[in-house]
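Encoded as structure tokens, the structure appears first; notes follow it.
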Amino acid sequence: MNYLFTDLLWWSLGIVGLVLLVIRIVELAWAKLRLLTAMSLPGEKQEFWRRTQWHRMPSLKRGLLYAPLWKKRHNREIRLSSAANMGTLPSRLHALILFGYLASNIAYMFILDWKNENKYALCAEIRGRSGTLSVVSMVPLIIFAGRNNPLIGLLNVSFDTYNLLHRWMGRISVVEVIIHFISWAIVQVADDGWAGVQHKILHDRFIGYGTVGVAAMTILMILAFSPIRHAFYETFLNTHIILALIAFICTWVHCISASVGHLPQTPWILAIMALWLAERTARMLRLAYVNWSGRGFTEAFVEAVPGEACRVTMHLPRSVTVKPGQHAYVRFAGVNCWESHPFSIAFYEHAYRSDDLLPVSEKDRSPPDHRTRKSVGTTVSFLIGAHTGFTRKLYKAALRSQSHSVSMRAALEGPYAGHHSMDSYGHCVLFAGATGITHQISYLPHLIEGFNAGTVATRRVTLVWIVRDYEVLEWARPWMDKILRLPNRKAVLQIRLFVTRPKTASQVVSSSTTVQMFPGRPNIPMLLAKEVGEQTGAMCVSVCGPGGLADDVRDAVRKVQAHGTVVDFVEESFTW
Ligand SMILES: Cc1cc2nc3c(=O)[nH]c(=O)nc-3n(C[C@H](O)[C@H](O)[C@H](O)COP(=O)(O)OP(=O)(O)OC[C@H]3O[C@@H](n4cnc5c(N)ncnc54)[C@H](O)[C@@H]3O)c2cc1C
Ligand SMILES: NC(=O)c1ccc[n+]([C@@H]2O[C@H](COP(=O)([O-])OP(=O)(O)OC[C@H]3O[C@@H](n4cnc5c(N)ncnc54)[C@H](OP(=O)(O)O)[C@@H]3O)[C@@H](O)[C@H]2O)c1
């Protein structure tokens, strides 16, 4: 029965994965078809793609795909106080998947020989079942924890979603391992009393390692409790890795020291350790490759900007391909160099050899086309809001110098994600809350240049950026200046800036019809309904910012599904 349920769990996960893969392939093929047919058409000719082609799709999006668990709340954190962050609620689809996995684990735990009158035999059955199921969950849980998880791009499922699954599978695995231990202890106490339990733990390799593994996993679960995790993230992360390593090693020794010979679960635990090691090695190799070349190491220029943030420009010593919507983990030599934190790549440019810029011949005086030149380095920019930990230290390091800027050696790990392409949408509406602008701004040069080159279907982009204060607009100024100067920018891009707490009313002035500024928060449902009223081709609405803003945009997207046009929703969030 243990093997049957193991197979059932593998199959359930495999089938969900396969279904997602089929959906992903259909989705990709549909987007490619839309791109190929729409990229040469003006906006008003993209009517076919504007209208939904399957009448049930809008209600599916509204009721399941984009639905929060209940009414509206999904990514707005549940806080007991400013320090106690209880986390967020899963979406309806996430909740269904989690419920399926949890319910099948509970059901498999309860299908036992309840008629057996020997309760110790029943305990032995529970022990075998719980131990087996616990190790089964460890395999996907370790795959889902990886930044390099290939399923992210393959299935178009975000790291955030895998992280949610990782947390729940972890909880299930720990509860099962505790049941495994208790069901062993009940029989042991009956056989030899508590002294027998103690003796076995201290002198029997099989039991001793098993017990340490259970203890490590239990502590790991307690430390991963949301308020602790959020309040002491770095401490949580480091102890989490150490405790997970202890748990894996102990489980492996436990599996190979049984008196009956190696337990059948031994290959799984070896696979878990191999996967973990492979992921760590991939990360280290990638880190070394991206940040070091014959041209030297990565250097970062960190500027403190008004509104308690840092604008960081990293000069990578080799050319790295960056796509819009990607993020990277960064670390700085002078600021807690053992910590690496994720940040969205706001802007990137490639550097070329200076002799490549010279004209090719006497007659031809124009420099070679950049597409034929070989880039020798990449400049990647970030915007980092100062919180209380590493980000605050970085901000203070920049403030300390007279120029409020500092150069230091740094390292970038990535880039990661970026699997949401907007190229096939005729109309994109991008919402950003404060530092969330980093994610959205990265799409702008790509879409405007694509419009000019005729390689994207996008004909209209509306960027809505909500900030507290006028001075915060300085954060994105150097990148915005370049974007606003791009040819045909006015034909494609409209910018709406909302300053929620302006110091004076005179600060809120619109500079042109395509760049408008308003005081206060936007009325998101009204704003989106207006965009849908003027919709050009298929629409993609994306949001990156505080959880409350993301929930409001999600709600507005669900409401406009009633219009019967194609409005897709992408949320860039992280809730770990
Ligand atoms: C994919 C992604 C992209 C992001 N992009 C940006 C961006 O462009 N600009 C920006 O300002 N912020 C961005 N963030 C948020 C940023 O990573 C955190 O604000 C930063 O790590 C906080 O560091 P701290 O030590 O100052 O945090 P603290 O003040 O100690 O904690 C503040 C919050 O950040 C969380 N946090 C702390 N360390 C990490 C970590 N290593 N990984 C994830 N969360 C952490 C904590 O749980 C806590 O909720 C992004 C986060 C993710 C996941
Ligand atoms: N790739 C990513 O995942 C990524 C990238 C960058 C940033 N981020 C995250 O984005 C978040 C940005 O937070 P922050 O602390 O910098 O922002 P913030 O200062 O808390 O808020 C930004 C602005 O959004 C407004 N706002 C908040 N909720 C709103 C709502 N429901 N409707 C309309 N406006 C709303 C605020 O208005 P009020 O003044 O009225 O409150 C404020 O002006 C952070 O959590 C950051 O880590 C994520």
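Cβ coordinates come from backbone N, Cα and C, glycine included.
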Listed range which TrEMBL flags as transmembrane segment, given the options 237-254, 255-272: 237-254
Within-chain partners of the transmembrane segment (168-186) [C-beta distance under 8 Å, separation at least 6 from its ends]: 98, 101-102, 105, 109, 120, 123-124, 126-127, 130-131, 133-135, 137-138, 140-141, 144, 197, 207, 210-211, 213-214, 217-218, 220-221, 224
Leading contact stretch, 12-31, 206-225, 237-254 vs the transmembrane segment (93-111) - CB distance under 8 Å: 12-31
Surrounding residues of the transmembrane segment (206-225) on its own chain - C-beta under 8 Å, 6+ positions past either end: 167, 170-171, 173-174, 177-178, 180-181, 184, 200, 236, 239-240, 243-244, 246-247, 250-251, 253-254, 257-259
Segment-level pLDDT (mean, integer) for the domain 'FAD-binding FR-type' (277-422): 88
